[in-house]
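Peer 1: Below you will find the structure I want to go over with you.
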Amino acid sequence: MNRVEQDGLKIDAGLHRFLVEEAMPGTGVDPERFFSAFSDLIHDLGPKNRALLVKRDELQAKLDGWYRDHGAPVDMDAYEAFLKEIGYLLPEGSDFSVSTANVDPEIATIAGPQLVVPVMNARYALNAANARWGSLYDALYGTDAIPDAEGAERGKGYNPKRGGRVIAWARDFLDASAPLSSGRWIDATSLAIEGAALTVTLANGAKTALAMPAQFAGYSGNAAAPSEIVLRKNGLHVAIVLDPTTPIGKADAAGIADIILESAITTIMDCEDSVAAVDAEDKVLVYRNWLGLMKGDLEEQVAKGTTTFIRRLNPDRIYTASGGDKLTLPGRSLMLVRNVGHLMTNPAILDREGKEVPEGLMDAMVTALIALHDIGRNGRRANSRSGSMYVVKPKMHGPEEVAFACETFTRVEAALGLPANAMKMGIMDEERRTTVNLKECIRAARERVVFINTGFLDRTGDEIHTSMEAGAMIRKGDMKQAAWISAYENWNVDVGLECGLSGHAQIGKGMWAMPDLMAAMLEQKIAHPKAGANTAWVPSPTAATLHATHYHRINVSEIQNGLRSRSRAKLADILSVPVAARPNWTEEEIQRELDNNAQGILGYVVRWVDHGIGCSKVPDINNVGLMEDRATLRISAQHMANWLHHGIVSEAQIVETMKRMAAVVDAQNAGDPNYQPMASRFDESIAFQAALDLVLKGREQPNGYTEPVLHRRRLELKTKQRAA
């Protein structure tokens, strides 16, 4: 690897060239000053970063010892006293309210879906950014949200019966979201603007209006025959597209060709769990796509059938407001960026001692440099109109680590000439020590926090690893019914509201991991806004459009106001450890648990290691496609490691299961010409060996994280490929 030495840093030449020739021009940043400040950041804060990781290990060792002596806690008072004694559970200070300023309404006041996408993949990133608006007709027609039964099957051509059910569903949605003062939307025959109001003519010839006229936001085209009508509910917009020249519009009595919903209000462009970025080559790709998003010039050639086209960021949507003025609605999702956490280092840059630098420090400096194209002195203000950069920080353990992230942001702001607190922080509440100290974590970032989120997947992985020595854990599928998890979900909302996040920040809920099961999502995920969350994660733009309907039905602000008087969830419930009271499962139940975990691990790891794909839809043992990333991998690997440690299964049984399920995964990937089977070459397959490492060496992984094994094995494969 060629390196450029500058200010005590040894920087990969490709990364250095990217920074100087691509990222810096147009920002007003002087390269000499940038690298000097970057070096100071690395050498001043690197030792602090490493010390925080040592503290994690020290606390884990004390927990391991306690559990070996006592097992799962029964006397919760004694257990809490121990956690306080070792500095795991910290004193809670006085009440306060966050004071985060200059927050865009998409985060502060608008409730709606949130996408998380690997920024390493330009097509996914563009699709997500453009998912601010989505066709309700397409989302319903193309998914199981509309049943295939009784002649309404999806096929290659248009099925009018299915289309009729889509239209009926959408009209029912309009009746609920923007009811008419009389009549129903299904009976509309024409729409027009008269004065500053929307007039709807019904099939019986009667004219009606909106029951709440203020819901009419604007239109495009001619007032007497508009091409679009824009309505508003709970801060979200709906565009009714009128076009009788299209097949759908021609068959519709009112000429309605589609209903477009404001969908993914925010999107996290992810540099972390959904990407596989292990070296400078990978990091440059991550940063280059983020640069394209911030400059607005990211594009990707997309092939559909025999045609190709260029996908770019969508422009804003321009309308005439109800009062006659110009109405501009954002055409793109507000973008946050998720940096990596405090754990990993990256060989892209070495410090003056030759050590790999903490990747979180590198991400902070470089992603903020790139964000200057949007929020700097010469910035476009096309993403954040409020001049803020939104950084999600994952996998932090407690307030000391949050404070360290804040210190990092302060240093980066000074280096880049940004105003104080321009870098906002999203706190992933996905580690147990952060959960139990959440109020103090928020206090540490009270001038920056714009987001807290329950990442129940990683949080479950940490739950298992933290209490690894306490006993055999309950089955993975039973975790969602465990006492700790419901208390954790409620605690996050309770503490967030106590700290004044409402109106300043998002209180988020986790991912719907089954992208093909949209009917189930429509039925179940409404629970998230009902629980007081003003955002929740969805796996696709289509899912965002369907989930957006929930925020029309539920006024989250009203829900949050009602929850303020609720007693906070019980700490004792959160601290309860999900060990099996009587681990008396049958051999068949144990083997099925192993098979399911092994298949998920192998299906994800083989794509991560062999192809550098960090987020995959992996079929489970029942052939249901599940979105897998490092968080789901962490659960499965830690669960198998726990059962191995406590003698529920043997190492030989795990190896046999892995080998057998490798053949299943191979068969599921048989249609991929680039896929390398594992089953015929267990010893040679680096991916298979990585999967074994994650389980057989699961107890020794720091906090149960999968990154060290994945990075090492991916680098091993890349080195092997270069040598071939």
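Using N, Cα and C of the backbone, Cβ positions are placed for all residues, glycine too.
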Peer 1: Swiss-Prot records Val116, Arg123, Tyr124, Ser274, Arg311 as acetyl-CoA-binding residues. Which of Pro515, Pro529, Pro539 is assigned to the same site?
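Peer 2: So, going by the record in Swiss-Prot, that would be Pro539.
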Peer 1: Which one is it: of the binding-site residues Arg123, Ser274, Arg311, whose Cα lies the shortest distance from the Cα of Phe456 (glyoxylate binding site)?
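Peer 2: Among Arg123, Ser274, Arg311, Ser274.
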Peer 1: Using Cβ-Cβ distances, find the residues under 8 Å from Leu457 (glyoxylate binding site) that belong to the same chain and are at least 6 apart in sequence, listing them in sequence order.
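Peer 2: Leu457 (glyoxylate binding site) has long-range Cβ partners Glu430, Gly510, Met511, Ala513, Asp629, Ala631, Thr632, Arg634, Ile635.
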Peer 1: Where does Gly455 (glyoxylate binding site) sit in the DSSP three-state scheme?
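Peer 2: Looking at the DSSP assignment, Gly455 (glyoxylate binding site) belongs to neither helix nor strand, so coil.
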Peer 1: Quick one: of the binding-site residues Arg338, Gly455, Asp458, which has its CA closest to the CA of Arg123 (acetyl-CoA binding site)?
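Peer 2: Smallest Cα separation from Arg123 (acetyl-CoA binding site) among Arg338, Gly455, Asp458: Arg338.
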Peer 1: Cα within 10 Å of Arg338 (glyoxylate binding site) is the criterion; apply it to the recorded positions Val116, Pro539, Cys615 and give the hits in sequence order.
Peer 2: Val116
Peer 1: Fill in the CA-CA distance, Pro539 (acetyl-CoA binding site) to Cys615 (cysteine sulfenic acid (-SOH)), as an integer in Å.
Peer 2: 11
